[in-house]
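Annotated signal peptide per TrEMBL: 1-26, in sequence order. Residues or ranges marked as active site, proton donor/acceptor by TrEMBL: His137. The active site, acyl-thioester intermediate annotation in TrEMBL covers Cys233.
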Amino acid sequence: MTLKRLIAATFAAAVLLNLCSCSMFYTNTVKTISQQSIEGELNKKPDSSVPSSNVFTGNSFLKNVSKAADKNHDTVGWLYIPSTDIDNSVLQSFDNSYYIRRDEQRNNSVYGCYFVDCDCPVGTAQELARNTIIYGHSDLKDSADGKRFSQLFKFADEAFAKATPNVYFSTAQQDLVWRVFAAFYTKTTFNYIQNNPSDTQFERMIQKAREGSLYNYDVDVTGSDKILTLSTCSVKYGSDGTGRFVVMARLLRDGEKPYEAPKSPVKNSGARQVE
């Protein structure tokens with residue numbers, strides 16, 4: 001079973017879990033997933049000596065990273081989010097401004113590419129920063145149908161949020177799975193892009209993200225966790241250039257399975273722009 005098919009199974013399982021509450025959004029029949037076959041695939045030991053509990057053991061994304069790196073050595077990973085157009089290589093430069101208007105082949109591009117903050121180490125799960133930040137452009141319309149990270153706005157839709165518990169950012173060393181715990185609007189005054197915050201800063205960051213999140217996710221985050229931050233521009237609260245839309249997810253822990261989705265997120269009545 002390929003990695004993409006395993007991820008498709010994860011998505012289908014999440015849809016099944018939330019079908020009762022989202023029937024108006026999902027009318028097609030979802031096939032039953034064979035849990036035994038998924039467990040068999042996920043429990044295979046990878047070639048790496050790194051613990052495998054928080055990774056997919058397939059190598060589809062690893063191959064994607066390798067092929068992309070052959071074309072541009074700045075390639076450090078692959079980002080995939082089910083039911084979006086986000087399925088592409090992730091770059092990193094010594095300067096965050098380099099890939100703002102350059103694509104994966106370093107050609108000029110209005111939409112740029114997905115790139116990791118220059119201060120974030122990228123490697124195995126153990127080598128990652130406490131907070132790995134990936135940037136990408138939106139179309140400045142907050143439209144979920146736009147290009148690049150415009151697709152992140154799909155997390156503002158309740159049905160999509162319930163059906164998409166995981167995002168997938170893999171490095172050249174490991175296929176990693178991340179569980180979404182917040183999706184919120186913010187401003188650049190909120191310093192959510194610290195790659196290695198102190199314990200106090202990390203706790204405060206998570207607290208503010210949860211308080212402003214559009215949905216309350218049944219996903220706990222502790223000081224020992226590592227998180228992934230996906231950030232793009234937003235004009236929902238003004239066009240002064242300081243607005244952002246952010247999706248945060250934490251790395252799956254030892255013993256957690258990608259297809260074992262948590263309880264459905266529920267609307268947060270106190271959701272607001274985080275400042």
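Note: Cβ is positioned from N, Cα and C throughout, glycine not excepted.
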Between His137 (active site, proton donor/acceptor) and the residue listed as 'active site, acyl-thioester intermediate', how many Å separate their Cα atoms? 7
In the three-state DSSP scheme, the residue listed as 'active site, acyl-thioester intermediate' belongs to strand
